[in-house]
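Before any comments, here is the structure.
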Amino acid sequence: MRHCFYNETVGFFYNNSRKELTTYWRTKDVLLVTLGLTVSVIVLLTNLLVITAIIINRRFHYPIYYLLGNLAAADLFAGVAYMFLMFHTGPRTAELSLKTWFIRQSLLDTSLTASVVNLLAIAVERHQTVFTMQLHSKMSNQRVMILIFCIWVTALLLGLIPSYGWHCLCALDKCSSMAPLYSRSYLTFWAISNLVIFLIMVVVYTHIFVYVKRKMTRMSKHTSFHPRYKETMISLVKTVTIILSAFVICWTPGQVVLLLDGLGCKSCNVLAVEKYVLLLAEVNSLINAIVYSYRDNEMRNTFRRILCFACYRNSRYTPTAVKLNTTDRRTLSQNGHFTVDSSI
């Protein structure tokens with residue numbers, strides 16, 4: 001029978017994995033926590049702004065914006081999880097119980113997984129709408145809610161699995177270096193799963209990019225080519241490029257480091273970079289809000305109304321104008337050109 005170490009301290013597992021566990025605050029620890037808390041606060045505020053904008057503006061009551069709202073919620077949760085980590089790291093790690101340590105890690109895993117799966121759902125939705133020449137997909141609100149529910153169930157399952165058995169408390173030789181209570185096999189599984197999602201996203205966005213470029217080339221040969229269509233397509237290409245670049249830069253290093261640790265690479269000094277790649281992944285939660293929302297003119301206008309509420313307290317929404325603009329920008333115009341109010 002295997003002997004399990006449920007009554008041991010966190011320090012016991014850190015010593016087993018040879019991961020440094022400090023008893024005092026070093027300068028680099030203070031700087032890292034300060035930077036981490038700053039990023040977390042900005043992530044919380046920006047994503048809360050996005051969620052508020054989507055709730056109060058009826059023009060955003062479409063599937064893509066519901067998914068964006070859910071992405072913002074996931075990133076908001078990521079900010080909370082990272083802030084929780086910052087308050088329970090450094091010398092405070094040694095004071096944690098095993099349960100608290102697992103909670104700390106599960107919050108991070110759940111939030112980051114939810115963010116990644118949301119990004120994939122948005123990529124698939126954008127692929128569908130671009131290729132059907134529509135601004136918004138025909139997905140019903142019920143299906144969107146089911147999709148959002150499935151995203152969070154998946155994230156919760158992946159985040160809670162280690163706490164309910166996929167750990168190394170009963171197999172010390174299988175403990176990872178970066179997460180001393182996690183099994184290396186779990187890290188390998190989690191990293192490969194995310195890398196597969198990355199690959200799918202790259203394929204989806206590359207397909208969109210190629211399609212848009214070809215469409216622009218074909219349409220530019222016709223005298224009836226509408227300038228608005230070209231403007232929309234160029235904006236879309238720019239957005240896709242930013243999305244893909246930011247995502248790869250922020251996430252790939254962390255997943256590669258996790259995979260190396262999961263595979264038990266002895267010559268790879270993963271501990272030297274673990275906190276920095278995690279911070280880089282957290283920064284993506286901030287970039288998401290900027291790329292997916294701030295490039296939308298209507299979203300920016302809503303942000304201004306929220307932030308300058310005092311300036312707009314005497315202003316009123318004009319229902320007629322809203323209805324007219326929403327109808328004009330929904331799908332194909334009468335002359336057959338694709339019109340869009342967003343560069344998402």
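The backbone N, Cα and C atoms fix where each Cβ goes, glycine too.
TrEMBL does not curate its annotations; it predicts them automatically.
Under the heading domain 'G-protein coupled receptors family 1 profile', TrEMBL lists 46-292.
Annotation source TrEMBL lists transmembrane segment at 30-57 (among others).
Feature annotation from TrEMBL assigns transmembrane segment to 64-87 (among others).
TrEMBL lists 107-124 (among others) with the feature transmembrane segment.
Positions annotated as transmembrane segment by TrEMBL: 144-166 (among others).
For 186-212 (among others), the entry in TrEMBL reads transmembrane segment.
Taken from TrEMBL, the feature transmembrane segment covers 233-256 (among others).
Annotation comment: TrEMBL describes 276-294 (among others) as transmembrane segment. For the transmembrane segment (276-294), the list of distant contacts is 32, 35-36, 39-40, 42-43, 46-47, 49-50, 53, 68, 71-72, 74-75, 78-79, 82, 108, 112, 115, 119, 122, 239, 242-243, 246-247, 249-251, 253-254, 257, 300, 303, 344: same-chain residues at least six beyond its ends, Cβ to Cβ under 8 Å.
Per-residue pLDDT, averaged over the domain 'G-protein coupled receptors family 1 profile' (46-292), rounds to 85.
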